[in-house]
Amino acid sequence: MAALSKYNTRVQNIYASTHPPLSSHPKRISVVHSLMNNMNKMNLLNNIYFISTICFAIFFYGILIKLTFLKIVILSPKMKALYLMWDFLTLFQERKNSFMLSLIGLATILTIVILLLKGKLSPIIGLVLIPVLGALLAGFSMTEIGSFFSEGIESVINVVIMFIFSILFFGVMQDAGLFNPLINKMIAISKGNIVAIAVATVIIAAIAHLDGSGASTFLITIPALLPLYKRLKMSPYLLLLLVGTSASILNMLPWAGPLGRTAAVLGMDPTALWRPLIPLQIIALVLLIGVAVILGFREKRRVLKQKEIEGADLEAAVTQIDAAEPPQQAKDLSLARPKLLWVNFLLTFGMIGMLVWGIIPAGFVFMIALSIALLLNYPNVNDQMERIKAHAPNALLMASIILAAGSFLGILSGTEMLDSIAVDMITILPAFIVPYLHLIIGAFGVPLELLLNTDAYYFALLPVAEQVVTSFGVDSHSAAYAMIIGNIIGTFISPFSPALWLALGLAGGEMGKHIRYSFLTVWGFSLVLMVTAILIGIITI
């Protein structure tokens, strides 16, 4: 409008400069007045037309492109379908290359997830071969795929080193009998009190799971505690619930599976990822002890209803441990080193301190600790090699899976499939949901344990969710923590956990009954931990 006014003023000035003064021409005065009136009317019409055009353009643009609500409310069903199809075709034309990458990437991920769930392929085969086929289908050459592989392996090699030597170290400590006196002492302290035994179960499981291995935790705790539970008529499913939940909290250690997988996805040091979780682990153990007290009183009421118990002969219960223990689980006492108990304890404590301090890489810490442990406990070279051979299969299996995951992530990242999936998810999902996708997945992390195994959750779902939310300014660490904390507590209610099947076999339980007994408690505890993590700043909103 300002430009139009300047234009009118300029016309009037030109007119005045090219015509004689109006005062000498009375007739011309009336003509000019008439002309000026017409020009003013034209200015008004031009202004109205200009404003109307802008308003109509905005309204029309909003209806056709932006204001989906108006499409839904105003347009007929056929017109709605046409407009939505037009929008999709326009978007597809603009991003057809990205859509193709997204489709291939999703097909790759879903194929891996489905095959892992159905048990048709081992994780190593699925994580290696299927991404290669997807990359070839997307038009990448083997040379390019090879470079993607190298980048992926480079991102996880430190995690692999840490896993190999941490599993070997804790295996040697278990052979040397580091954890046995602590567990036996906790059993003696409980003195047959049901509530005390429930609390002791949490503490014993936490100590036993310091090696990060679910199988060894169940092998240590269940044969030791099950006779006591049976003697007091306590439910074996309470034992499974408390041991599994306590082990899940300790599963946040950097040498345990979930944190190592997450570190591989984020391409960072697991110990750096673990340090902010230390306060949460302490709070979680305190909360779980409180839950154990509540469940202990509930169990005591149930037992008293079944049969009145005035006391229990703990000694008689403890003496049944050896009889109840399966022959294949009998420990080789010749490997125990009771005289070196405090030396091994100080070595382990110092190793954990070095990890927390973080002055040298975690893998190097475990290399040094393992070397010292072997030298102190088994000076003979043949004994040292036997201990390494005994625990090498577990170390090799975990290392192989992490390396295969590095290949998988390297290919999906190098081909930009993950980026394409993230961008297209942002395009499709409602805008108000996307920034909170990590929180939503974390909140449903425990139910997802019934649908996805650990590899599928951390190697397929986590990378996509992390890519999506970080594009909205969410910190990648915060996104990872939300998904870890929400999911990790449900580790040992998942039918895809081999260690859980071992636990059920040791306790004589059934998977369905265990899930029914533990599910709501575990899920509720997981949600409480997520809220706690938000309050103490580990997860940011």
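Placed from the backbone N, Cα and C atoms, the Cβ positions cover glycine too.
A TrEMBL annotation is a machine prediction, not a hand-curated record.
Residues or ranges marked as transmembrane segment in TrEMBL: 48-76 (among others).
According to TrEMBL, the transmembrane segment annotation covers 97-117 (among others).
Positions annotated as transmembrane segment by TrEMBL: 123-143 (among others). Residues 100-101, 104-105, 107-108, 111-112, 115-116, 400-401, 404-405, 407-408, 411-412, 415, 417, 455, 459 of the same chain sit 6 or more residues outside the transmembrane segment (123-143) yet have a Cβ under 8 Å from a Cβ within it.
TrEMBL lists 124-486 with the feature domain 'Citrate transporter-like'.
Sequence-distant contacts of the transmembrane segment (155-174), counting only residues of its own chain at least 6 positions beyond either end whose CB sits under 8 Å from a CB of the stretch, comprise 210-213, 216, 220, 254-255, 260, 263-264, 267, 269-270, 344, 348, 351, 361-363, 366-367, 369-370, 373-374, 377-378, 387-388, 390-392, 394-396, 398-399, 402-403, 405-406, 409-410. Positions annotated as transmembrane segment by TrEMBL: 155-174 (among others).
The transmembrane segment annotation in TrEMBL covers 194-225 (among others).
Same-chain residues lying 6+ beyond the ends of the transmembrane segment (237-257) with a Cβ under 8 Å from its Cβ atoms: 162-163, 166-167, 170, 198, 201-203, 205-206, 208-212, 214, 217-218, 221-222, 225-226, 229, 263, 270-271, 273-274, 277, 280-281, 284-285, 288, 291-292, 295, 299, 355, 362, 366, 398, 454, 484, 488-493, 500, 503-504, 507, 509, 513-514, 517-518, 521-522, 525. As annotated by TrEMBL, transmembrane segment applies to 237-257 (among others).
Same-chain residues lying 6+ beyond the ends of the transmembrane segment (277-297) with a Cβ under 8 Å from its Cβ atoms: 194-199, 201-203, 206, 238, 241-242, 245-246, 249-250, 252, 259, 356, 481, 484-485, 521, 525, 528-529, 532-533, 536, 538. The transmembrane segment feature in TrEMBL is assigned to 277-297 (among others).
Taken from TrEMBL, the feature transmembrane segment applies to 340-357 (among others).
Taken from TrEMBL, the feature transmembrane segment applies to 393-413 (among others).
The transmembrane segment feature in TrEMBL is assigned to 425-444 (among others). Beyond the ends of the transmembrane segment (425-444), by six or more residues, the same chain brings 91, 95, 461, 464-466, 468-469, 471-474, 478-480, 482-487, 527, 530, 539, 541 to within a C-beta distance below 8 angstroms of the stretch.
For the transmembrane segment (480-507), the residues of the chain that approach it from at least six positions outside its boundaries are 117, 213-215, 217-219, 222-223, 226, 236-237, 239-240, 243-245, 247-249, 251-252, 258-259, 262, 265-266, 273, 276-277, 280, 326, 438-439, 441-450, 452-454, 457, 461-462, 465-466, 514-515, 518-519, 522-523, 525-527, 529-530, 533, 538-539, judged by C-beta separation under 8 angstroms. The feature transmembrane segment is assigned by TrEMBL to 480-507 (among others).
Sequence annotations record features per position, and here TrEMBL assigns transmembrane segment to 519-539 (among others). Within its own chain, the transmembrane segment (519-539) is flanked in space by residues 241, 244-245, 276-277, 279-280, 283-284, 287-288, 291, 295, 439, 442-443, 445-447, 478, 481-482, 485-487, 489-490, 493, which lie at least six positions past its ends and keep a Cβ under 8 Å from the stretch.
Under 8 Å from some Cβ of the transmembrane segment (97-117) lie the Cβ atoms of residues 123, 126-127, 130-131, 133-134, 137-138, 408, 412, 415-418, 420-421, 423-424, 451-453, 455-456, 459-460, 464, 496, all in the same chain and six or more residues away from its ends. Residues belonging to the domain 'Citrate transporter-like' (124-486) score a mean pLDDT of 82 in the model.
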